[in-house]
Ligand SMILES: [Zn+2]
């Protein structure tokens, strides 16, 4: 939060309220700029963190088979409209030489990456590339499904529409059989 200028956000929110024809001095809105500034500091705190940091501590396990953490919930902000998009991330990798990370670290990396003005495509590739770089696994497969408020509350208004992005790295780029195995695990209830 040290790098966030709360006062500047407050000023900006006040200006937006005025610009849309509101009275920022009416009772219900008096504390809104302050509340929004604190909320933005929280929602964008990932800007000041690097997801790769979570993979600095690794373990050595005698395991070179698939690791999949699925249904990781996340909330992000579309960088085109500054409205939320949210959904689930599924992160899979195949460790090399038994180098694995803590399971919760995968979820933390998703959260950190999501808490910035973002694109779903970029969250997906950032997670995949961070794992490739830090753990040097045989392969990574990241699948994200999300609903974008900019598609549901404005513009084409399509509530329920889901966007799916997937990024494969390493052997999972070419191993279709392994990828479909991972997809069937993701779909398993
Ligand atoms: Zn958008």
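Using N, Cα and C of the backbone, Cβ positions are placed for all residues, glycine too.
Per TrEMBL, domain 'GTP cyclohydrolase I' is recorded for 9-186. As annotated by TrEMBL, Zn(2+) binding site applies to 78, 81, 150.
Apart from 78, 81, 150, the Zn(2+) site neighbourhood in this chain, defined by C-beta within 8 angstroms of the site C-beta centre, holds 77, 79, 80, 82, 83, 85, 148, 149, 151, 154.
Confidence annotation: the domain 'GTP cyclohydrolase I' (9-186) carries a mean pLDDT of 95 in the model.
Residue environment of residue 78 (Zn(2+) binding site) contains 18 other Cβ atoms, counted within 10 Å of its Cβ in all protein chains.
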